[in-house]
Amino acid sequence: MNSENFRLSEKLVSASYVRQGLDARRGHEQLIRRLLDQGKCPEEGWSESTIELFLNELAVMDSNNFLGNCGVGEREGRVASSLVARRHYRLIHGIGRSGDIAAVQPKAAGSSLLNKITNSVVLDVLKLTGVRSVSSCFVVPMATGMSLTLCFLTLRHRRPKARYILWPRIDQKSCFKSMVTAGFEPVVIENVLEGDELRTNLEEVERKIEEFGAENTLCVHSTTSCFAPRVPDRLEELSVLCAKHDIPHIVNNAYGVQPSKCMHLIQQGARVGRIDAFVQSLDKNFVVPVGGAIIAGFDENFIQEISKIYPGRASASPSLDVLITLLTLGANGYKKLLADRKELYGHLAQELSALAARHGERLLKTPHNPISLAMSLNHLEAHSSSAVTQLGSMLFTRQVSGARVVPLGVQQTVSGHTFSGFMSHSEAYPCPYLNAASAIGITKGDVTVCMKRLGKCLKILKKEKSDPADLEAEDGELEESPQRSTELRV
């Protein structure tokens with residue numbers, strides 16, 4: 001409906017009623033106009049009707065939705081299922097062109113506009129969460145590991161002689177495989193134990209730079225968000241080292257948008273030294289389905305290089321999901337989710353510490369990790385050599401997801417490299433432990449039920465001379481699950 005159509009409507013319905021409808025329409029259009037003009041996440045969230053109006057307006061700009069379109073090419077946005085078409089709001093062409101994921105498609109002005117506005121809104125959110133000097137970013141329809149691979153492949157063209165990537169150890173398979181998949185040799189830098197925390201071994205990083213030579217080193221691959229007792233890398237010091245030796249620096253910021261501490265580390269690292277790109281997951285930070293990531297950096301030209309190395313067009317689904325989510329939440333709604341997460345981190349730490357004390361364990365002191373917590377399992381291991389691993393399976397079968405039990409002495413081979421003490425980020429961490437995290441979307445009910453079930457499992461495992469059937473019988477029924485929706489309320 002445009003102004004002319006509203007005027008014609010006055011022949012059929014009272015003019016005062018039509019004008020009221022026109023004013024309502026203009027309210028939606030004003031929000032859309034502001035978004036297109038500023039390219040920023042709106043302060044307050046939009047209604048679903050405004051979002052759907054906007055998406056439908058974008059869809060009619062794509063050639064597959066032209067009323068008189070005649071397509072004779074091999075890719076014409078045809079979809080056999082109307083359900084699939086509705087799932088994608090009839091935005092079928094995806095994003096980018098064969099030579100650049102950020103390029104505009106002549107046949108898909110609406111999808112191209114979706115891509116541009118999503119990248120702009122996401123850039124605004126990265127700034128408001130703490131990395132204020134970030135200059136460019138784009139959403140890529142791959143998860144964190146493959147997005148890191150894309151960054152490494154881009155650096156290959158800049159540093160053709162380079163063979164090695166210096167990587168402070170974090171026991172997570174995808175980030176290790178991202179380097180191997182790109183064709184490089186990871187140089188694993190073992191962490192150093194400071195109190196309970198595992199921290200970056202800066203001296204070893206510098207020794208490896210001198211050993212292999214800066215010209216043979218593709219980059220330093222550091223990490224912010226991670227499982228305790230490992231803590232975020234010393235980004236400022238690593239960034240200074242990279243600037244000193246003229247070595248690129250890629251940061252795995254997988255779920256680091258949530259805590260301001262991780263974003264502050266990136267901002268400070270870029271200020272005092274060198275950070276070329278940082279990569280973050282969409283699902284971990286923006287509560288959307290798995291399948292997308294944000295590649296961001298401080299040099300617009302380098303970020304464009306990364307986007308141009310992506311071969312072919314790409315799915316628009318991750319871009320569509322995160323745009324809908326951020327328009328629904330608005331900047332204020334998203335900041336509230338972050339504030340709630342931070343508050344519940346303190347609550348989780350308090351509850352886990354109290355539970356640990358009741359069972360002769362302790363909460364490991366990891367103040368530099370803003371998301372993940374760890375509770376020792378020394379007494380449980382002393383009671384039974386198999387109890388630690390059994391605890392993990394018991395929690396999973398009792399519908400406690402995300403809790404991570406780490407025994408001692410596990411060996412794991414990943415892409416040809418054998419890690420000792422795998423999952424603990426260290427060859428010889430002093431004790432087994434259990435991880436729990438306060439990530440975006442967690443509720444107080446999650447914490448309460450988790451503590452009840454964990455406490456019951458620990459009590460059962462410490463009962464001596466009980467067979468598995470007895471343990472299951474004593475466990476009884478599951479406590480009532482926290483009443484929750486799959487949708488977040490802000």
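Cβ from N, Cα, C; glycine included.
Site annotation (Swiss-Prot): substrate is bound by Arg97, Ser98, Gln105, and the candidate from Arg274, Arg313, Arg341 recorded at this site is Arg313. Within the set 96-106, 151-161, 228-238, the record from Swiss-Prot flags 96-106 under the feature region 'Phosphate loop (P-loop)'. Ranked by Cβ neighbours within 10 A across all protein chains shown, the recorded positions Arg75, Lys284 are led by Lys284. Under the DSSP three-state reduction, Arg75 (pyridoxal 5'-phosphate binding site) is assigned to coil, being neither helix nor strand.
The distance from the Cα of Lys284 (N6-(pyridoxal phosphate)lysine) to the Cα of Arg75 (pyridoxal 5'-phosphate binding site) comes to 33 Å.
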